[in-house]
Structures are given as C-alpha cells and as structure tokens.
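Notes for the one structure printed next.
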Amino acid sequence: MKFLICALFLAASYVAASAEAEVKVEEGVLVATVDNFKQLIADNEFVLVEFYAPWCGHCKALAPEYAKAAQQLAEKESPIKLAKVDATVEGELAEQYAVRGYPTLKFFRSGSPVEYSGGRQAADIIAWVTKKTGPPAKDLTSVADAEQFLKDNEIAIIGFFKDLESEEAKTFTKVANALDSFVFGVSSNADVIAKYEAKDNGVVLFKPFDDKKSVFEGELNEENLKKFAQVQSLPLIVDFNHESASKIFGGSIKSHLLFFVSREGGHIEKYVDPLKEIAKKYRDDILFVTISSDEEDHTRIFEFFGMNKEEVPTIRLIKLEEDMAKYKPESDDLSAETIEAFLKKFLDGKLKQHLLSQELPEDWDKNPVKVLVSSNFESVALDKSKSVLVEFYAPWCGHCKQLAPIYDQLAEKYKDNEDIVIAKMDSTANELESIKISSFPTIKYFRKEDNKVIDFNLDRTLDDFVKFLDANGEVADSEPVEETEEEEEAPKKDEL
C-alpha cells in the first residue's frame with residue numbers, strides 16, 4: 001500500500017513538473033521562462049528570442065510586428081520559432097544572456113546564440129531569420145517557385161543568370177550573403193527569366209510601393225549592388241519612425257532632406273507628394289525623409305534642429321558624414337522648383353552650414369558663471385589673456401542639473417581671479433563650427449596664451465575642479481567620467 005501511495009505521489013509530481021515546463025503560446029509567440037527555456041532551445045533548431053520589459057515603449061511597438069512574423073512563419077510551416085522572455089521576471093535568463101537593454105533579440109541556431117541585427121517590422125524579421133537558416137539566395141527553378149517566393153516576401157531581390165557559375169552570379173551571391181536584412185533569390189531558368197522580362201546577369205528588386213520594381217543598372221560589383229539594395233528598398237520619400245530609423249541611418253545615402261510636416265494638417269498631400277519626381281531624380285545622392293510634428297516622440301528631433309512644431313511645414317538638410325552638418329533654406333517657399341534649387345546648391349558645395357544660436361542675454365556676464373552663445377563664444381573662450389573653463393550642457397540633462405550647484409560654487413571661488421573665467425553654453429541652442437558636442441555635460445578648458453583645448457575628465461567635484469584649474473589643466477592620469485544615464489547622450493543618428 002505504501003509503495004502504491006509513493007508511486008502515485010511520484011507520478012503526480014512528474015505531471016506537475018511537466019506542466020510547469022510547458023510552453024505557452026501568445027499570438028504565435030512562445031513564452032519562454034527559466035523552467036522551459038533550456039528544453040525549448042533544445043527542441044527547436046532555430047529560435048529567435050526577444051528579451052523585453054512590459055514597460056518598455058520600444059518593446060510595445062515591436063510586439064504586434066513580432067507576433068505577425070511568428071504567425072506568418074507558422075503558416076509557412078517554417079522550422080523557425082519566435083519566443084519572448086519577460087526579463088523583469090526571468091532575471092536569471094536576462095543575466096545569463098547579458099541583456100543590457102530592451103528589447104534585446106538573440107537568434108539561437110542549434111543552441112548557439114548570435115545578436116539579431118535586422119529591422120523591427122514583420123517582413124524584416126522574417127527576411128533576417130530566413131537568411132540565417134538557409135542559403136544566401138534561394139534557387140528558383142520554376143515560374144511557380146518565383147511567384148511563391150515573391151508572394152512570401154514583400155521586398156525581394158532576384159538575380160537572373162543563365163550561368164550560375166559566372167563571375168556576375170558569384171558577386172551576386174557574395175552580396176546576398178553579406179546583407180542579412182534582405183531576401184535574395186536566384187534563377188537560371190529560361191522561363192523565369194522570360195516571365196520577368198529580365199536580361200542575362202540582370203538583377204531586379206521587387207517591392208510593394210512606388211514603381212513596384214527596380215532594375216539594377218551599371219557595373220555589377222559588390223559596392224554597387226549593396227547600394228542598389230539599400231537605396232531601392234526604401235520608398236522614394238520615407239516616413240521616419242522607430243521601424244524605419246535603422247534603414248534610414250544605416251543606409252549608404254548620408255545626405256538627407258528632412259520634411260517637417262503635420263499629417264493631420266494635410267502637409268503630405270500638399271507639399272510632399274508633388275516632390276516624388278525630384279526624389280527619384282536625386283535618390284542616389286539624397287534621401288527624402290518626412291518627420292511628423294504630430295508624434296510626441298519627435299520632440300527631441302525638433303529641439304536638435306532648434307525648431308518648434310509651430311514652424312511646420314518646413315525643411316532642413318543634414319549631412320551625417322560630416323559631424324551632422326545642417327543646412328537651412330533661405331526661403332520658406334516649398335515649391336518643387338525652390339527645393340530643387342536648394343538641393344543643387346548643396347550638391348555643388350555652395351551652401352553654408354546652418355548653426356544654431358541664441359540671442360546674447362544683456363546680463364550674460366552679471367553672475368560668476370558667464371553665459372556663452374554662438375556669437376560671443378570666440379571673444380570670451382578664445383581670449384588669450386584668460387583661461388576659460390566652459391561647460392557645454394543641455395537643459396534636460398540630469399547630470400548637468402546635478403553639476404549646477406557645484407559649478408556655481410566653483411565660479412564663486414574664482415570670480416575675483418583675473419586669469420580664469422568660468423562659463424557655460426546651452427549646446428542644444430548654440431552650435432560651433434569648430435567644436436562638436438556629442439554628450440552632456442562636456443567640459444573643456446581653453447588655456448590662456450596658446451588657446452590649447454583640454455578636456456576635463458576628472459570627477460565632477462569641487463575639489464577636482466580646483467585641482468584641475470590650479471594645475472592649468474595639466475593633470476596627469478585623468479580618467480573619463482562614466483555616464484550611466486541614457487538621457488545624457490546628445491541625439492544619436494538613429495534617433496533622428
């Protein structure tokens with residue numbers, strides 16, 4: 001009898017343990033936990049895992065696209081599974097896989113994880129995981145294969161080669177292997193080539209917008225083909241959002257014409273849509289991007305350009321490869337002719353950078369901490385008769401706010417020193433051509449006599465500031481201050 005009771009107890013325990021390790025499914029996505037994670041990975045050769053936090057805005061934006069991708073893969077009977085881990089609950093897993101931010105996505109292939117580097121729309125996710133689990137380019141041996149391939153993928157690139165061993169075909173395969181975010185197909189079938197009216201050694205990008213397809217022209221080499229994929233896979237005029245940001249800033253076109261508009265105000269139809277022909281004409285050199293003033297998330301972008309949302313519709317041009325150089329048209333006219341003239345001047349190198357600047361306050365030198373703006377920066381900071389310590393700050397920066405009372409004390413201490421000036425400049429509203437600020441606060445010391453610029457990298461304490469100034473900036477073994485808050489970074493390219 002005792003044996004029977006023990007056996008029943010063990011059986012019940014086994015069932016309970018199995019139930020705990022069960023994998024729930026939410027909208028096609030497997031719910032991974034500490035209890036079932038190891039088995040889930042072992043049972044599936046390919047698993048994309050999202051580590052998320054319920055409060056994370058980016059995670060919330062990703063959720064419907066992630067579920068859509070999971071469902072579409074399941075419909076295709078794909079062996080690829082999508083899973084998610086609530087990292088705020090499953091802390092052990094988050095620590096094991098070095099999760100430092102949300103969402104973090106890792107792709108497990110036969111148990112080995114690699115970082116996910118694709119986009120955040122369903123089509124991008126499917127393209128990326130498909131590429132990771134198969135050949136660089138899918139072999140399309142019939143018209144039916146090609147039609148199904150294009151049906152399964154919103155954006156797809158097909159190479160048409162009579163000889164798959166040709167140098168052109170090998171170049172195509174190399175590019176297909178290098179670009180994880182794109183889906184490639186290849187065909188040597190005569191019926192397929194005829195169906196799509198392709199030339200031998202031709203490459204066509206199929207897409208659901210604009211002209212529906214783009215035909216590659218020019219010398220077929222790796223550089224040209226990569227640029228073709230990145231440029232032609234985007235709409236002629238791209239709307240900036242969380243999903244498109246990585247494609248906009250990760251592409252090969254580094255000069256962007258930005259349209260600040262209100263969709264609710266009808267600006268797209270009135271001002272943007274008529275510019276598609278111009279966008280097509282300049283698409284190899286300039287990317288056209290719309291930024292909506294209706295989105296709260298875009299407030300920081302407006303601040304970065306020294307604008308407010310009441311100024312829409314308006315345009316700016318930014319050149320990412322040269323320290324985020326910005327350009328502003330002289331006219332408020334948004335006609336196609338005026339905008340094209342503006343672009344021509346830019347491409348001909350005839351435009352001068354637009355630098356933000358505030359008006360100089362009348363009482364800028366009233367207090368111990370002197371106030372600098374673009375117009376008085378050189379006359380104060382580069383005055384060779386004095387050494388000048390300048391804090392470049394942002395009004396919203398938490399570290400800057402913490403520094404303020406210490407910086408005031410420092411200025412009070414040196415207010416009667418004829419050789420040292422303590423100053424500050426709001427770098428969100430004032431820009432300098434010679435100095436680019438990428439994080440806040442940035443503190444620089446402009447030494448008297450030779451104007452040598454020395455970065456202050458000690459702890460931001462009164463004692464360390466005094467030590468630094470008394471040593472005329474020559475302090476050995478300065479250690480950079482480690483910033484811990486994300487808000488202290490100046491706007492990054494992928495935030496614009």
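The backbone N, Cα and C atoms fix where each Cβ goes, glycine too.
Record note: among 185-188, 273-276, 493-496, 493-496 is the stretch given as motif 'Prevents secretion from ER' by Swiss-Prot.
Rounded to a whole value, the Cα-Cα separation of Cys59 (active site, nucleophile) and Arg120 (site 'Lowers pKa of C-terminal Cys of first active site') is 10 Å. Taking the C-alpha atom of Arg460 (site 'Lowers pKa of C-terminal Cys of second active site') as reference, the shortest distance to any of the active-site residues Cys56, Cys397, Cys400 belongs to Cys400.
The DSSP breakdown of the domain 'Thioredoxin 1' (19-134), given as helix, strand and coil counts, is 46 helix, 30 strand, 40 coil. Mean pLDDT, taken over the motif 'Prevents secretion from ER' (493-496), works out to 36 on the 0 to 100 scale. The distance from the Cα of His399 (site 'Contributes to redox potential value') to the Cα of Gly57 (site 'Contributes to redox potential value') comes to 23 Å. With a 10 A radius on its CB, Cys56 (active site, nucleophile) counts 16 other CB atoms from all the protein chains.
Looking at His58 (site 'Contributes to redox potential value') and Arg120 (site 'Lowers pKa of C-terminal Cys of first active site'), their Cα atoms lie 10 Å from each other.
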